[in-house]
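Quick notes on the structure that follows.
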Amino acid sequence: MDSDTLSGLLENVAKKFPDRRALSVSGKFNLTHARLHDLIERAASRLVSDAGIKPGDVVALTFPNTVEFVIMFLAVIRARATAAPLNAAYTAEEFEFYLSDSDSKLLLTSKEGNAPAQEAASKLKISHVTATLLDAGSDLVLSVADSDSVVDSATELVNHPDDGALFLHTSGTTSRPKGVPLTQLNLASSVKNIKAVYKLTESDSTVIVLPLFHVHGLLAGLLSSLGAGAAVTLPAAGRFSATTFWPDMKKYNATWYTAVPTIHQIILDRHASHPETEYPKLRFIRSCSASLAPVILSRLEEAFGAPVLEAYAMTEATHLMSSNPLPEEGPHKPGSVGKPVGQEMAILNEKGEIQEPNNKGEVCIRGPNVTKGYKNNPEANKAGFEFGWFHTGDIGYFDTDGYLHLVGRIKELINRGGEKISPIEVDAVLLTHPDVSQGVAFGVPDEKYGEEINCAVIPREGTTVTEEDIKAFCKKNLAAFKVPKRVFITDNLPKTASGKIQRRIVAQHFLEKP
């Protein structure tokens, strides 16, 4: 099968490493690459023959991080259909929007089901099928009757690079999520890029900490590992737990993990309050999906003895765009998201002209991993694909070593009386305060300056900080116009389902408070 498709890459891995561990559910069972491939092939056949799935159909999936999700996700793609993973915590109204916007033809869930998703599917007259795998030697049970169709094998299905494979919605800074269709080629290209930059091989092993309905956990954690012949462990609870994370990492001989900064901070807090007697020797730790403050990077390296590689990614790029290299390939720079990986990247001004090093502009990309455009959104496509490049909406610059530095989202830069303030810079200062665990800066409307800067912080466990403490600290470390006018002390920051802190949502949350 074509290695320009994800399905082809995984078939090649199953032939090359049939007996190596591919997927484990912690404390329950293990699947080899050959066994996983067999389960995927059988499930793909059932989707075609018994569920009536045709090439190009969209199939929605809503599961915790389970083996059934992995099998059914890959079976949908193998059946030449498009997988649309959805957050199991959505309301019925949200499910209705996403199922409708994606034109889903089928809803897949665990045997326990998902009442809001099923309610929405029923309203839209979308069929519902459950999937269950009791143990490693069992057949996958689908809640759809066996047909007498002669199509009993997926071997007749030929996957093509331009087949639709994945449909996701952006969580971006705009209020209306945009639908992002991605192809087999997009997925295969991204998996190859991730494998290459981190030198993933069949000897690697990781534990999934991020939800698999999000592109970060799905591509960087799961698919790149499977595509390298490596091993993936899913937590027994189907989601991240700070309590079981290190025991799982040790039990399954993990060599690396990838997470968002908020998860890294939770892991650090756990290390401070309940340290392990020893930690596994990791090749690297990866951080992506939001800016990692240099102070957090250094704390992670000090605590766990592994290089922390910050990367830069977007749904529209099928995740990875740039990354800091492994130590043997060059320095990793705190505060930088590294060098482009497997694609062209340029800094453009508003006229579409490429900028020289150290000059700021919009980060733009093009390559085989990049979506061809948003679904049914000509306005977003016109703005997003100018001058022959995809426009990320991020402001950044290359240094003279070719490393990318991000300043912030175009829409998140705070314009205080004409002074442009990067909230990322303020975040970094907040996180150097010894008593601050998490912190985020954001812009708010202001009659005098147009916009003013505010921030919210979570104190470290067992400490107390005041608004005056934070302001005084910021005055020592920032120019006067960058010091937050108001500081919210809190024990919780609103996050997206993937653990990202979005400034727009944080600003709304705290502005609603008196």
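Glycine is treated like the rest: Cβ placed from N, Cα and C.
What Swiss-Prot records for 170-174, HIS214, 289-291, 310-311, THR315, ASP394, ARG409, LYS500 is ATP binding site, and it gives experimental evidence as the kind of evidence. The Cβ of ASP394 (ATP binding site) lies under 8 Å from the Cβ of GLU362, VAL363, LEU406, VAL407, GLY408, ARG409, ILE410, each on the same chain and at least six residues away in sequence.
Residues or ranges marked as CoA binding site by Swiss-Prot: ARG239, GLY418. In the three-state DSSP reading, ARG239 (CoA binding site) counts as coil.
The annotation oxalate binding site is assigned in Swiss-Prot to SER289, MET314, HIS319, LYS500. For SER289 (ATP binding site), the number of other Cβ atoms no farther than 10 Å from its own Cβ, over all displayed protein chains, is 27. Reduced to three states, the DSSP call for SER289 (ATP binding site) is coil.
Positions annotated as N-acetylmethionine by Swiss-Prot: MET1.
Annotated region 'SBD1' per Swiss-Prot: 241-310, in sequence order, evidence recorded as similarity to another entry.
Residues or ranges marked as region 'SBD2' by Swiss-Prot on the basis of similarity to another entry: 311-374.
Note on proximity: of the binding-site residues SER289, SER291, ALA311, LYS500, the one nearest ARG239 (CoA binding site) is LYS500, by Cα distance.
Cα-Cα distance from THR170 (ATP binding site) to HIS319 (oxalate binding site): 11 Å (rounded to the nearest whole number). By neighbour count, meaning other C-beta atoms within 10 Å, the densest spot among the binding-site residues ARG239, SER291, GLY418, LYS500 is SER291.
Across the structure, MET314 (oxalate binding site) and SER289 (ATP binding site) are spaced 8 Å apart at their Cα atoms. Looking only at Cα atoms, HIS319 (oxalate binding site) sits nearest to ALA311 among the binding-site residues ALA311, GLY418, LYS500.
Per Cα geometry, SER291 is the residue among the binding-site residues SER289, SER291, LYS500 nearest to GLY418 (CoA binding site).
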